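Notes for the one structure printed next.
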Amino acid sequence: MSDQPPPYTPLPLLSSFPPNPYPDQTPDPASTPTLVLPNPAFPNKRKRTGFRRKLPSGSPAAPVAVAASPSAQPPPRASAADDIIVINREPTAEAVTALTAGFPADSLTDEEIEAGVVSDVGGIEQVNYILIRNHLLTRWRETFNSWLAKESFATLIPPHCDHLLNAAYSFLVSHGHINFGVAPAIKERIPKEPTRHNTVIVVGAGLAGLAAARQLVAFGFKVVVLEGRKRCGGRVYTKKMEGGGRSAAGDLGGSVLTGTFGNPLGIVAKQLGLPMHKIRDKCPLYRPDGSPVDPEVDKKVEGTFNKLLDKSSLLRASMGDVAMDVSLGAALETLRQTDGDLSTDQEMNLFNWHLANLEYANAGLLSKLSLAFWDQDDPYDMVGDHCFLPGGNGRLVQSLAENVPIVYERTVHTIRYGGDGVQVVVNGGQVYEGDMALCTVPLGVLKNGGVKFVPELPQRKLDSIKRLGFGLLNKVAMLFPHVFWSTDLDTFGHLTEDPSHRGEFFLFYSYATVAGGPLLMALVAGEAAHNFETTPPTDAVSSVLKILRGIYEPQGIEVPDPLQSVCTRWGTDSFSLGSYSHVAVGASGDDYDILAESVGDGRLFFAGEATTRRYPATMHGAFISGLREAANITLHANARAAKSKVEKGPSTNTQACAALLMDLFRQPDLEFGSFSVIFGGQASDPKSPAILKVELGGPRKKGATEGGKADQHHSNKLLFQQLQSHFNQQQQLYVYTLLSRQQAMELREVRGGDEMRLHYLCEKLGVKLVGRKGLGPGADAVIASIKAERNSSRTKTRPSKLKIGIPKSKS
């Protein structure tokens with residue numbers, strides 16, 4: 001089944017608008033305003049000078065004209081035009097704004113439908129809701145430095161649509177589409193103290209983690225962010241370089257805002273008052289000997305490259321599902337041999353340069369990219385200029401991290417999650433407990449098993465982690481005494497003769513206009529990026545200087561030695577293990593969705609660029625995913641609170657439940673050491689519920705120690721020290737937990753005494769021991785069912801049954 005996006009069409013919503021909302025004004029078809037925006041179906045990855053996937057373009061190809069048609073008719077309903085509200089005179093322009101913000105201009109998103117924003121999907125109510133939603137989005141984009149108050153729209157919205165205004169406003173705020181960012185008016189709304197009892201642990205202080213944490217703090221949650229590095233930002237890292245009285249700020253990771261129209265990071269930059277430098281289209285290429293590439297040859301080869309990409313699209317369409325098992329590289333090589341028309345060495349070198357650029361755009365080898373889905377996100381490219389941020393993207397990171405509680409140098413190695421909350425274990429054994437956790441670690445770390453999940457993640461999520469690709473891009477940043485390269489361009493490229501080295505310093509970024517100093521960045525992509533990981537920095541810098549001197553010294557321009565150089569090693573960075581994600585052979589866009597799914601009944605959530613199907617491998621994708629998960633966490637917290645409120649009704653008698661539990665444990669179904677278990681459900685079902693009681697303190701029971709080996713394991717884990725200390729106290733303490741029949745049977749088989757069983761229970765099974773009150777309403781239902789089953793069994797005559805495990809002592 002093909003995963004290709006449907007053909008792009010003009011906004012069908014316009015057919016729902018009344019023919020003329022202003023009957024006293026007759027529109028002139030010739031003067032009807034037409035909005036032109038780039039066709040989202042055009043594959044931008046093939047262009048020359050972009051960051052990751054989104055590349056700057058001079059004039060958009062295949063423009064889509066969006067205009068309000070004077071002959072458009074309302075839905076087939078009597079007096080429909082009278083029912084459709086009129087907010088302003090430019091509904092079409094506002095529909096385009098919604099489109100650039102990631103909304104369908106004429107329909108609801110799945111999230112809006114799930115939120116129940118309208119009672120009649122597809123009716124007039126939906127049309128009015130969309131008009132209100134689009135208007136709110138447009139107003140927010142115009143007034144991003146102010147808090148957008150719902151009350152300011154009261155006079156615009158008819159009273160019978162107040163519920164739609166409430167629904168649209170609530171949805172847009174809670175999902176981070178409006179009233180987000182770092183403007184003073186937004187920050188003033190953040191509560192000084194938490195207003196909720198829920199604690200959320202955010203793992204990772206990259207853009208996803210910071211976006212989520214900032215939203216959650218604004219929503220009133222208790223939040224703590226755990227970051228393994230000494231800095232925030234993750235794969236967005238602005239390095240200050242200094243030497244010889246010069247200084248400059250260079251982005252060693254994410255560096256380009258890819259499309260500013262609709263990009264939420266563009267809004268954050270505007271809130272900070274930061275000017276954005278549009279990356280200019282000019283990108284001259286130089287041959288291996290340093291001479292300029294013939295413009296006519298350049299044009300011919302670029303046309304051939306684009307033609308082969310078009311043919312690869314036709315090829316995958318004809319192959320159907322088989323295309324999922326074929327790489328883009330294999331398809332392009334086959335097509336090159338049959339339709340390439342590349343006859344000279346210069347043409348082949350140019351073609352290989354374009355292949356290197358494609359590998360750069362996807363952070364993956366072409367031999368690994370899926371022919372079927374490598375460009376599945378192209379329809380969602382952000383519209384607008386591609387820009388550098390003066391001073392680096394670290395300025396965005398620092399503003400987002402302001403007043404967010406971040407604990408640095410805390411490397412997370414275990415995340416336990418269950419029905420009663422989460423535990424996050426960091427280096428040194430320190431444990432952070434919370435109600436929910438958000439994991440934002442890069443896909444490379446997940447692939448490498450850098451974080452252990454207890455219980456293990458669902459198999460479908462593990463499979464998606466394995467299928468998706470995580471590639472590599474490296475850079476060499478060089479601060480020079482002065483600018484010796486052309487100042488009328490932001491990029492230039494260099495060709496290589498060896499195809500296996502085609503990505504080696506193939507593209508240069510000039511940061512002289514935005515870094516505060518003469519800074520030049522050389523990019524290393526594809527196979528060369530992997531080889532670069534083990535290249536000595538001095539050798540790398542020497543190779544770059546050789547290229548630069550080959551280009552400029554024949555022009556009579558001296559190339560000085562750099563004052564400072566930095567080589568990245570993202571592939572061996574333990575906190576990233578790569579650069580960004582791509583759709584590998586065998587994977588699809590569905591895998592991004594699966595990675596985004598929460599687990600543990602709304603206890604553990606996931607964010608990051610590899611969890612967004614629409615915007616993978618981008619900075620704004622990471623940021624948007626953080627806003628998304630802040631909304632999901634809030635929804636689950638609200639649902640859990642509502643459920644708890646219902647279940648904790650006046651009929652609940654805590655003392656009666658406690659007494660009943662004590663009575664049931666007088667005849668446990670299973671007993672070993674200081675552990676006893678009562679079972680609910682059917683004995684044949686290994687997943688049936690059970691309640692475990694652990695007796696801490698008091699006299700030891702038979703089986704409490706085995707083989708005399710328990711002492712050597714005592715206190716190995718900081719997590720268990722407090723529990724284990726109770727064994728040496730005089731008073732008795734009972735703690736409980738819910739688990740399955742199968743888990744209880746596994747626990748019985750653990751050797752090494754009660755200490756090892758405690759270790760297995762908490763470390764392997766990931767459960768949390770609590771007092772009677774901590775069991776919660778779920779356990780009350782199990783207790784009641786066990787009592788009912790036992791009462792029923794007493795009415796029947798049957799032989800006495802032996803208990804499994806160590807029998808109780810006879811009196």
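The backbone N, Cα and C atoms fix where each Cβ goes, glycine too.
From a predicted model like this one, the values you see are computed outputs, not experimental measurements.
The compositional bias 'Pro residues' annotation in Swiss-Prot covers 1-10.
Positions annotated as region 'Disordered' by Swiss-Prot: 1-79 (among others).
Residues or ranges marked as compositional bias 'Basic residues' by Swiss-Prot: 44-55.
Residues or ranges marked as compositional bias 'Low complexity' by Swiss-Prot: 56-71.
The annotation domain 'SWIRM' is assigned in Swiss-Prot to 88-189 on the grounds of sequence analysis.
The annotation FAD binding site is assigned in Swiss-Prot to Glu227, Arg229, Arg235, Glu609. DSSP assigns Glu609 (FAD binding site) to a helix.
As annotated by Swiss-Prot, region 'Disordered' applies to 790-811 (among others).
Annotation: Glu609 carries the greatest number of neighbouring Cβ atoms among the binding-site residues Glu227, Glu609 [cut-off 10 Å, Cβ to Cβ]. Residues listed for FAD, Glu227, Arg229, Arg235, Glu609, cover a largest CA to CA span of 19 Å. Counting other C-beta atoms within 10 Å of each candidate's C-beta, the binding-site residues Arg229, Arg235 are led by Arg235.
Across the domain 'SWIRM' (88-189), the DSSP tally of helix, strand and coil residues reads 59 helix, 0 strand, 43 coil.
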